[in-house]
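All remarks here apply to the structure that follows.
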Amino acid sequence: MPHKIEGFFLLLLFGYEATLGLSSTEDEGEDPWYQKACKCDCQVGANALWSAGATSLDCIPECPYHKPLGFESGEVTPDQITCSNPEQYVGWYSSWTANKARLNSQGFGCAWLSKYQDSSQWLQIDLKEIKVISGILTQGRCDIDEWVTKYSVQYRTDERLNWIYYKDQTGNNRVFYGNSDRSSTVQNLLRPPIISRFIRLIPLGWHVRIAIRMELLECASKCA
């Protein structure tokens, strides 16, 4: 029964047309996940998109369209975005909390700034329900040259479960390369995408200080 419910969820998810498409800037010929992903006929239904116990899509129409989840628009609410050591964000740091990690945010307090600069820090998003996440957009701090240069991604479907690292084609934890300046938007597509409720970004490298503005992309299909 649970698998039937999950299959029905995916059928609904892929049954609508994307209202906003963001083209990939990646070279598909060089992306190892592109070589592994299979191209499904959209008419085959949800069963071809779901395998029991999977936490990523094994067969998908390659997410030709990507819908912003809502960091920039505000659809993602403040309580959905948290970070490591939240009790330490007092005084000046109270203006740079996890909720400020929103793409294209401007002005004072325009990003999440980690109070500590080490690889044990994280930024977490609770999607409130299981969604298909197909990409990540990042920027640095808007007013000063501070940004994240590389990061890893973890996910889980339930807060009672252990975190799972997103892997590369060799089975190692994938390292995503981030920003090289404070204003450019860097897009990393997830091939295959992640089916999950909770997502974590773990900074692995940074310029001066860990600073993030971001957006998640939700997978959408052009198939009606």
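Glycine is treated like the rest: Cβ placed from N, Cα and C.
Marked as signal peptide by Swiss-Prot on the basis of sequence analysis: 1-23.
What Swiss-Prot lists as disulfide bond is Cys63-Cys219 (among others). Of all Cβ atoms in the shown protein chains, 27 besides its own fall within 10 Å of the Cβ of Cys63 (disulfide bond). Cys63 (disulfide bond) falls outside any helix or strand according to DSSP and counts as coil.
Look at Swiss-Prot and you will find 63-219 tagged as domain 'F5/8 type C'.
Secondary structure at Cys110 (disulfide bond), taken from DSSP and collapsed to helix, strand or coil, is coil. All protein chains shown were included, and the count of other CB atoms within 10 Å of the CB of Cys110 (disulfide bond) stands at 23. Summarising the annotation, Swiss-Prot assigns disulfide bond to Cys110-Cys142 (among others) and lists sequence analysis as the type of evidence.
Neighbour counts of Cβ atoms within 10 Å were compared across the disulfide-bonded residues Cys142, Cys219; the minimum falls on Cys142.
Residue pair Cys63 (disulfide bond) / Cys142 (disulfide bond) shows a Cα separation of 30 Å.
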